């Protein structure tokens, strides 16, 4: 197994985790659905970062960048309309553990430079987005 | 046509489609096989024009005229939605209630807002180099603006969103595309031909007219999506039909807009984690009234 | 693997049309139409894929690398954004219907003969 | 390895499409649709189409769900009169 | 004065982020980045004021 295959195998982890999340979104109660929506963008961002490295194409990082910006936006929009923004330790700790565990090896692999700064930016955005939308007391606002 | 009959028609049709489609699938070249004559030619043509992103080259150089058609569909769709969602005479506008947003969410949204806009502009500007372009970047840019709706409420969004500007922007985007096309005609070539110098591969100025057309599309898509969402927001948040909430004249008493729940969902589980407090508001009218009036004018054109 | 992507595209199409046929809510039907649309993207990109190919974006890849077909990608790319605005147009029509006839149930509408 | 990723993403997309159709409530459907959008974006990236993935992501993650939710809100607002009674009193906190 | 400072801080930060995003630095790239960052910085201020105005 080559190195790039290793990165792609790592990308499989968040990808497979999306399966149960889909089940919760489709069948769970309202709160779970929003947590699921939150988790999806986080996991997708991680999978995209790992895939970019696995394919050896730094330009694919742009997709992860857009996920990290728009994912929390989508979650907050749902929170506004469903009137609920549940706190979720699952999302919070997935972000706090998963993002560094993904981004730091990627940084080591890319080496110092602008590409690394970009990875760190995406990682910071993913963490910030997930923490803000999942921490206790994050009421999404009641009306428009 | 009864429901049952319709279902039967569908089932027969679906069965037929499924069989034929499966047969066709096994007749297609296997997934991942290598013969792509058009792809190879498109790549060659794109590299001849020094455009690193072949997809952008196909869209804005080889098939630029086709993209003009796509853009026109987009323009027409936005126009149609605007016409359908305009405020009619029997409808009145009310000032939406200020929303209660947790300060942390508000700070996050305010910090992400410029960043998202920057990412959108980056995606538009680098369409000819890296993945992205006017279509994608335009939508990101438009979404960025709506972070303000998340950060606060619709009135805050309206304050930084002069809708007329975006309506003009949409038309200007479409016009810029056509003008670029005619510029090529004036330069003695065909409509939408790539007449500018091609530059060096993988720099911002590469690709001749591709970055210009990209920017035009970006302007059009961004403005179009903003206008579209504005009309939907107007309808959902501000415009009231006759018969809707007629029992109360005071905007602050209107409770209906929060009625966004699906029926029959357990309410207990979705209680907000009340940390937000109702705002010490100076009343929605205080700052809303005058703005509301001039806004009304441009809705009624 | 050789036909799975095509079959998945066919499945998405069929399930989307099933939703359209059985829908009792026009908003839901518009969502089903979006699902049906996405089957075309899957089919187009599956047709254009090449084993071992990479994206035809040469800013960070050598110009002689093996790439997937850019033409189908260009087709899908514009269609997605244009499709979204068409979805918006349909939703606007739904709102108009709601305003005129007071319902979003297609079966109730056909009884109105309006 | 790419093939494995593509197969998993394809199955996710097929599952999400099925769930999006079978969820009859538009609000719930909007959430599944945005999952479908992200799954499609992942699939497109694995199919080496980052441009299309970006397009799908931009549209699918925020714009389409927002429009559906706004339509639902507008539609429910009028029929919402009969819902109003069971509003919990303390929801404005 | 405070307004200029606010926009300036945003502008510098966002131009820095732009330089992180791009793959090759050349003068045109920096120019476009500076303009885009200025637009985003102005929006940042406008957005903050719009929210604070209530």
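A Cβ is built for glycine as well, from the same backbone N, Cα and C atoms used for every other residue.
Among the features that TrEMBL reports, transmembrane segment is placed at A:34-51 (among others). Through the fold, the transmembrane segment (A:34-51) approaches residues 7-8, 10-11, 14-15, 17-18, 21-22, 24-25, 28, 60-61, 63-64, 67-68, 70-72, 74-75, 78-79, 82, 84-86, 88, 90-91, 94-95, 98-99, 102-103, 106, 119, 122-123, 126, 129-130, 133-134 of its own chain, all at least 6 residues removed from its boundaries and within a Cβ separation under 8 Å.
Positions annotated as transmembrane segment by TrEMBL: A:63-81 (among others). Counting residues 6+ beyond its ends, the transmembrane segment (A:63-81) has Cβ neighbours under 8 Å at 34, 37-38, 40-42, 44-45, 48-49, 52, 118, 121-122, 125-126, 128-130, 132-133, 138, 140-141, 144 in the same chain.
Per TrEMBL, the feature transmembrane segment maps to A:93-112 (among others).
According to TrEMBL, the feature transmembrane segment maps to A:119-138 (among others).
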- Message: Should anything in the same chain at least six residues away from the transmembrane segment (A:93-112) have a Cβ under 8 Å from its Cβ atoms, list it; otherwise answer none.
- Response: 7, 10, 14, 39, 42-43, 46, 49-50, 53, 58, 119-120, 122-123, 126-127, 130-131, 134
